[in-house]
Amino acid sequence: MKRVFILAILALALGYTYFAFELSFLSSTGRLGPGFFPRVIGLGLIASCLYALAVEWRSGGTEAQERGLWGVAVRTALLSGLFVALLNVLGGLVAMIVFMLAALFMLNPGRVLQNLAVAFLLPIGIYVLFEFWLNAGIPQGMLPLPV
Amino acid sequence: MDLFANLWMGLSIALTPMNVLYLLAGAMIGMIVGIIPGFGPSAGLAILLPVTFGMDPVGAVVMLAAIYYASMYGGTITSILLNTPGESATVASTFDGYPLARQGRAGPALVMQAVASFVGGTVGVVLITLLAPLFALLARNFGPPEYFLLAMMGMLLLVVMVGGNWRLGVISALIGFALGTVGVDLETGQQRFTFGSAELIGGIDFIPVAIGLFGLGELYFSLWQGLHLSRTGSIVDYHRERRFWPEARDFIETRMTLVRGSLLGFVVGVIPGAGATIASLMSYSIEKSVSREPERFGKGAMAGLVGPEAANNAASAGAMVPLLTLGIPGSASTAVLLAAFLLWGLRPGPLLMSQNPEFAWGLIASMYLGNIALLALNIFAIPLFVWMVKTPYRILAPAVILVCTIGTYSVNGSIVETWLMFVAGIFGFFMKMFGFSPAALVLALVLGKLAEEALRQTLTISRGSFMIFLERPTSLWIIGITAAVLLVAPLLRRAQPRD
């Protein structure tokens, strides 16, 4: 899996370097242009990835180190993504409460009262902190709250 | 004389009621950040940066700096009571801290670590007070070649000395540099890698990336490791011990350890890329080698706790020197601090102390006060922190995701940046799993623009010749110091634990 990850970075590096070569190496005044640094970085990244891949292939991989609780990590990541997606739909406060309820009942099952208390009180506290004290502007969603 | 006048001015600024309040809040938050395993100061600073937006610049930076150095204090509490370091710089404190606690000496160990942290932190701030103006004076002769070399030195040392795999560290740093090139080229105004997106014209903001990598990435990794399933039942119950305070012999036996740890920590901290973790592990090795009873190390030697503690706190103070005087952060945490400075319109560097003396000296003075406050907090608020240690990770994790997401959104009110944070979180998880260096990526992202600008200016001055780096005496000095540290690097790496 580590090899796949490095290969993915290599693919991105190839794309980056391709676009870096589309940029001009020198500016109109004859100085180093916007393409100079990206070309150096892109070529360096390709070379580093190829070297890391070669070393990885020789070492025989790290599958044994990649055993962990994938299920909970993936579910939590999906919930976080869903939370971001819901921010502009439900509004900050409601999305926070929905996310906390889902995440707490997944990670901390069987403790209904504790989960309900945390899932409501913490978002309200964060909402008050960001919206009123810091004036930071929490997304209002499609149906803004009356407060 | 100027020194005392400046320090006095700094104290008068730091002692305003609001700044004292921010300082105490920062110290408290930093302690909590240090206590939570898998949640380092970089994550804490990045996540809490948006919270400071409503404050005045001095208060905001005083609070963020307090979070930074307070996390060194906090991480040790779990090292001693739980055998779990709250953050990497307190790993060495578990070696003798936990055995001391198991022997019924948790109270003395907690007090001695607070004293050692206070001494290390205060010696570090005294040395900043004395040396920062000298560094700033020296750096006035620096031109683009020196700034480019300094940026490279920080990156190179971070990649070589921290983490197990330098090859993956180089890839991480290059990804950071690549992300830093997105946006408008400052010299020509040409857009690079924006692909027509208005959101990318301003470049990739550092805050969502840092919050994603350090906050979400670390969190997913901790869940993957099963941290939410671990129980905190093995906390040493220090309340039942008869003796809470250390004995006189604890102080007498460790007085030279305190001095050695503080001085070593400061020197290591000043070197970009080295940092508090290496300082604490080096201090442990040195104390063990100079001890008359090395066999006691690992079984509850007070010097094995006091040395690393003094060193990691002095190192966190030392790391402020290149940040304040050169504008070069040597670690991910100081990179976040640099971002905070820039956010407030303050440009750290040789001119900071002369152009913004209120800010620079206010910050330094606040660090003296912060260490005093932390000494008191560490001794008298231990029950509160122990209670926090007992909060299960399965409740903390969703709360951290909540703060990361809302904090990122609140910076610019941008849902695109919030998605960027989420993607950085996923990427950070894999980086962590496969041994890449998120710290190198973030540092390169922050230093990328500076390094590119400096390199292009340098090559314009030299008409394209790289020999300019060898023709300027100051550049040669920087190259020499970098080479010397790289030669010593294998020894420093050997000081780090294998697992």
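Quick reminder: no glycine exception, Cβ is built from N, Cα and C everywhere.
Per TrEMBL, the range carrying the annotation transmembrane segment out of B:17-34, B:305-322, B:395-412 is B:395-412. Per TrEMBL, the range carrying the annotation transmembrane segment out of B:53-73, B:326-346 is B:326-346. The stretches the transmembrane segment (B:200-221) and the transmembrane segment (B:110-135) are not in mutual contact, being linked by fewer than three Cβ pairs under 8 Å (pairs 6 or more apart in sequence). Contact check: the transmembrane segment (B:419-447) against the transmembrane segment (B:263-286) gives fewer than three Cβ pairs closer than 8 Å, residues 6 or more apart, which falls short of the contact criterion. Long-range contacts of the transmembrane segment (B:263-286) within its own chain (CB-CB distance under 8 A, at least 6 residues past either end) are made by residues 72, 88-93, 95, 120, 123-124, 127, 150, 153-162, 297, 304, 307-319, 321-322, 328-331, 485, 492, 495-497.
Between the transmembrane segment (B:367-389) and the transmembrane segment (B:147-180) there are fewer than 3 Cβ pairs closer than 8 Å, counting only pairs 6 or more residues apart in sequence, which means the two stretches are not in contact. Among residues of the same chain six or more beyond the transmembrane segment (B:326-346), those with a C-beta under 8 A of the stretch's C-beta atoms are 40-42, 45-46, 49, 52, 57, 60-61, 64-65, 68, 135, 139, 142, 147, 150-151, 154, 157-158, 206-207, 210, 214, 269-275, 316, 319-320, 352, 356, 359, 438-439, 442-443, 446-447, 450.
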